[in-house]
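*Asks:* Relevant sequence annotations retrieved from Swiss-Prot are reproduced here:
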TRANSMEM  20-37  transmembrane segment
TOPO_DOM  38-633  topological domain 'Lumenal'
CARBOHYD  ASN132  N-linked glycosylation site
REGION    184-293  region 'Catalytic subdomain A'
BINDING   ASP277, HIS279, HIS415  Mn(2+) binding site
CARBOHYD  ASN297  N-linked glycosylation site
CARBOHYD  ASN484  N-linked glycosylation site
DOMAIN    504-630  domain 'Ricin B-type lectin'
DISULFID  CYS517-CYS535  disulfide bond
BINDING   ASP519, GLU522, HIS536, ASN541  UDP-N-acetyl-alpha-D-galactosamine binding site
DISULFID  CYS561-CYS574  disulfide bond
DISULFID  CYS605-CYS618  disulfide bond
Amino acid sequence: MAHLKRLVKLHIKRHYHKKFWKLGAVIFFFIIVLVLMQREVSVQYSKEESRMERNMKNKNKMLDLMLEAVNNIKDAMPKMQIGAPVRQNIDAGERPCLQGYYTAAELKPVLDRPPQDSNAPGASGKAFKTTNLSVEEQKEKERGEAKHCFNAFASDRISLHRDLGPDTRPPECIEQKFKRCPPLPTTSVIIVFHNEAWSTLLRTVHSVLYSSPAILLKEIILVDDASVDEYLHDKLDEYVKQFSIVKIVRQRERKGLITARLLGATVATAETLTFLDAHCECFYGWLEPLLARIAENYTAVVSPDIASIDLNTFEFNKPSPYGSNHNRGNFDWSLSFGWESLPDHEKQRRKDETYPIKTPTFAGGLFSISKEYFEYIGSYDEEMEIWGGENIEMSFRVWQCGGQLEIMPCSVVGHVFRSKSPHSFPKGTQVIARNQVRLAEVWMDEYKEIFYRRNTDAAKIVKQKAFGDLSKRFEIKHRLQCKNFTWYLNNIYPEVYVPDLNPVISGYIKSVGQPLCLDVGENNQGGKPLIMYTCHGLGGNQYFEYSAQHEIRHNIQKELCLHAAQGLVQLKACTYKGHKTVVTGEQIWEIQKDQLLYNPFLKMCLSANGEHPSLVSCNPSDPLQKWILSQND
């Protein structure tokens, strides 16, 4: 047994001895190879150093690949912790906005209106009638009316904080929601004043603060056009200190509305500009529809639906919940602004009260516009002076240069409409004619002659070339590639009657038998007889045209014609309006060689006998039936 164990041990010893020898031989052989390789590398290194560098680079690449592989393996393993998300940067100029609609809380006004006394003068927008006044009160009232051309006595007794009662706008206006995206732009409200009554100015300011969302109203800028009333200086400065967003800028000398508004626009910092007059009151939800429309259309110039505040009682004419027969702006050929009812095609285009109204012109006192677009489109004509014509000029320019004028019926702002201006013109009313000439020369092309025939002051300014430099305005017209006035008449205001560019005769109609001229009289909008009046050669009420249709037209503010009738001759709406209409017999006149004005329908002639011209049996020897039709000087 012991012998057997020794044999086993010997066998094992021999077996492992052979293994060790084999392993040793392999190791020895590997060492020899390494030595030889090292010697070879050393030789090569001494001769070719650049090859060594390439080898090192290859080794580095191999290491990089190995590390990348390790990282890939690591990333492929399940993660036990969640990392924070990486915030994505928003490109400069992009304004983030949330989806959905603004809430009532988001559109909360700047200030909450204080509690109201329902029995206070003018409360809820009601009329305040000033009757049974004492002698002193009556004198105060008369002084206020003379100074401001409205009842300042009543205004001073109405709270600066008065509300306007329930929101009476149509339901679609009250329920209208405004999208957060694109966001509603901010606005700077600009109010120009010159010797304005304290109560109307500050009621305007308070009204804006009580009805404008704080997130939209960036500032109220009061621009003082060199007021001389002391209460509008230090006292006003002190009063507005309580409102951080109200600021006052002042012009040391009176330069007028146009320059003052340009000053306000220069200092404004909001995305849009909203211009208001200094005797306004804003109704509920007035601002949002204006700004929403600009957010939708950068080129839209939008006005509120202007409600009337009675100049005597300060009653606010509130909107109807059933909607109303809206008006839009127009112009006449004396370049005065007016109102007219909507044509059928505009009524049919609008589906409800939230839809804007396209308007050929705008009143110009109350409107909102993108500040960037205001500057791009040419702001105001800086060479226009004081006031007058700037709204018609801007109306033509906006439409002809690619923008649009609109009225937003859900936006309601009240305005005190005065029958006359309380302010004087430093250079006289000639500045209005000069302003109008500037707009006519730039925007009306050959149609400007229609205006010049109706305004002798304007014609003289043109003749003397006293309208100033127009190069900047023409540069704007060229830069914006604006359309001509024919395009405007055909596409924007096709309803307007365009008088003959070259009428047979135009000017005054003078009696041979006495030194008097045919005159339409004051405020004759049709339906009244004409009068005979001293000839003045200034056009206006004594301007007439003998048309190619044989009418005698006085179409300045309205299309009015001499209308033959038994007895007194009247001024009535012209029956010929173009567009396949015809002239009725009562409005056809023939100028005969013997200077008679003959109506073939009644077979009678016009006579200057009496205060009012009339039709009589024709008598060529009667000097009162003879007329001179002549152009104004």
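Any Cβ shown, glycine's included, is placed from N, Cα and C.
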*Asks:* Once ASP519, GLU522, HIS536, ASN541 are set aside, which residues in the chain still have Cβ within 8 Å of the Cβ centroid of the UDP-N-acetyl-alpha-D-galactosamine site?
*Replies:* VAL520, GLY521, ILE531, TYR533, GLY540, GLN542
*Asks:* Return the maximum Cα to Cα distance in Å (whole number) over the record's UDP-N-acetyl-alpha-D-galactosamine-binding residues: ASP519, GLU522, HIS536, ASN541.
*Replies:* 15
*Asks:* List the helix, strand and coil residue totals of the domain 'Ricin B-type lectin' (504-630) as derived from DSSP.
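*Replies:* Taking the domain 'Ricin B-type lectin' (504-630) as a whole: 9 helix, 50 strand, 68 coil.
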*Asks:* Tell me the coarse DSSP state (helix, strand, coil) of ASP277 (Mn(2+) binding site).
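*Replies:* DSSP assigns ASP277 (Mn(2+) binding site) to coil.
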*Asks:* Which chain neighbours of the Mn(2+) site, leaving out ASP277, HIS279, HIS415, have a Cβ atom within 8 Å of the mean position of the site's Cβ atoms?
*Replies:* THR200, THR204, LEU276, ALA278, CYS280, ILE309, GLY365, LEU366, GLY414, VAL416, PHE417
*Asks:* Which of the recorded positions ASP277, ASN484, CYS618 has its Cα nearest to the Cα of ASP519 (UDP-N-acetyl-alpha-D-galactosamine binding site)?
*Replies:* CYS618
*Asks:* Would you identify which of the disulfide-bonded residues CYS517, CYS561, CYS574, CYS618 has the most other C-beta atoms lying within 10 angstroms of its C-beta?
*Replies:* CYS561
*Asks:* Which site among CYS535, CYS605 has the most other CB atoms no more than 10 Å from its CB, taking these as disulfide-bonded residues?
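*Replies:* The residue with the densest Cβ neighbourhood is CYS605.
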*Asks:* Only counting partners 6 or more residues apart, tell me which same-chain residues put their Cβ under 8 Å from the Cβ of ASP277 (Mn(2+) binding site).
*Replies:* ILE191, VAL192, THR204, GLY365, LEU366, HIS415
